[in-house]
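Per TrEMBL, these features apply:
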type	residues	note
ACT_SITE	151	active site, proton acceptor
ACT_SITE	269	active site, proton acceptor
BINDING	153, 270, 302, 338, 339, 340, 360, 361, 362, 363	substrate binding site
BINDING	177, 179, 180	Mg(2+) binding site
DOMAIN	133-409	domain 'Ribulose bisphosphate carboxylase large subunit C-terminal'
MOD_RES	177	N6-carboxylysine
SITE	310	site 'Transition state stabilizer'
Ligand SMILES: O=C(O)[C@H](O)COP(=O)(O)O
Ligand SMILES: [Mg+2]
């Protein structure tokens with residue numbers, strides 16, 4: 001039974017319940033119609049190629065179907081369940097975001113969204129805690145949790161890093177976070193940083209009476225990453241942080257499996273996501289990267305600042321809604337809003353994102369004229385003002401630290 005690329009276009013196709021349906025936006029290559037380009041996408045991403053084939057057996061049950069082709073460039077492609085290896089994110093992505101990203105039949109192609117069927121979803125663990133971290137590990141029932149990353153992001157000694165953590169915790173922040181490029185460098189070795197920072201955490205917890213914790217960047221080669229996660233758990237840490245895009249999804253899956261036994265949650269930093277999603281017409285959307293992150297089982301994920309911070313963001317609000325929506329019984333993911341936040345824009349961000357998020361600020365705390373502790377107090381006051389329904393200006397009348405922050409940074413987004 002022959003298969004040629006034309007066979008992969010089927011406008012009348014009705015997806016089966018266990019198909020993985022992907023929405024692509026494509027710009028056809030020169031000389032191709034939308035239908036021809038869409039057919040080539042479905043072909044190359046399932047079991048066709050550039051040449052017509054005549055296999056001896058009938059392999060069409062493994063073929064994808066392109067349908068809903070629109071002249072504006074959108075097309076949906078349905079992939080049969082049999083095409084996939086259950087629980088292997090690399091294998092799935094090699095199909096739906098593999099060769100097609102570079103094929104000449106499309107000038108540009110964007111994997112915009114996926115509808116994950118129950119059968120495929122069940123192959124993945126999803127988050128171990130999800131939003132339960134806010135109450136089970138932290139005490140942030142009725143306000144956003146607050147996190148901070150010491151700045152400068154690299155170059156601080158272990159002692160300086162731990163001291164900054166302590167100052168931020170006692171100032172009102174819940175979570176200290178390593179930066180995405182701080183792992184195990186000579187100026188601040190991993191194991192010493194973990195022990196010293198967790199000692200400071202314990203001190204800050206007993207002095208404030210609040211639960212505090214530390215998002216430890218364990219990003220490394222996979223075996224080493226697992227070893228570091230074990231080290232964190234052995235020393236009383238309750239979170240690890242993974243740079244999920246640079247580490248890779250297979251590694252994230254391995255860490256997720258191990259952290260199940262260790263009872264630690266995973267904070268996902270998305271460094272390098274913009275290589276996939278910044279150009280709106282090409283690549284893999286942040287929405288899909290967020291879906292992949294949830295399936296692989298992270299508990300927190302950076303999803304941007306809804307346009308108010310220093311980074312370009314794609315649909316933070318819609319992505320956050322997806323992370324909280326039902327996905328065949330998997331736990332939700334807590335969105336982290338981060339990148340250029342300071343107290344003067346916290347109310348605008350929370351208006352957009354709602355308050356079931358983690359608010360994370362680096363420069364917006366450590367750049368405070370009176371130092372880290374005052375910066376943390378200012379951010380905490382800003383978030384509390386939001387919960388109380390009072391303006392930042394009114395709150396600043398009783399919070400000198402917030403008044404200084406507003407004076408310094410005003411109400412505008414940084415660049
Ligand atoms: O990793 C992060 O989230 C960033 O380092 C945030 O830093 P900033 O608040 O200084 O932009
Ligand atoms: Mg950072």
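Using the three backbone atoms N, Cα and C, a Cβ is placed for every residue, glycine included.
The Cβ of residue 179 (Mg(2+) binding site) has 20 other Cβ atoms within 10 Å, all protein chains considered. The Cβ of residue 360 (substrate binding site) has 146, 147, 148, 149, 175, 177, 302, 336, 337, 338, 341 as same-chain neighbours under 8 Å, each 6 or more residues away in sequence. Under 6 Å, Cβ to nearest atom of ligand 2: this is the test, and of the recorded positions 151, 180, 360 it is passed by 180.
Around residue 310 (site 'Transition state stabilizer'), the same-chain residues six or more apart in sequence whose CB sits under 8 Å from its CB are 339, 340, 413, 414, 415, listed in sequence order. Among 153, 270, 302, 338, 339, 340, 360, 361, 362, 363, the residues given in the record as binding substrate, the maximal Cα to Cα distance rounds to 18 Å. Listed in chain order, the residues near the Mg(2+) site other than 177, 179, 180 are 149, 153, 178, 181, 182, 215, 217, 241, 269, 362, each with its Cβ within 8 Å of the site Cβ centroid. Around the Cβ of residue 362 (substrate binding site), the same chain contributes 148, 149, 150, 151, 153, 179, 338, each under 8 angstroms and 6 or more positions distant in sequence. In this structure, of the binding-site residues 153, 177, 302, the smallest number of CB atoms within 10 A of the CB marks 153. Taking the Cβ of residue 269 (active site, proton acceptor) as reference, residues of its chain lying under 8 Å away and at least six apart in sequence are, in sequence order, 180, 217, 241, 242, 243, 244, 302.
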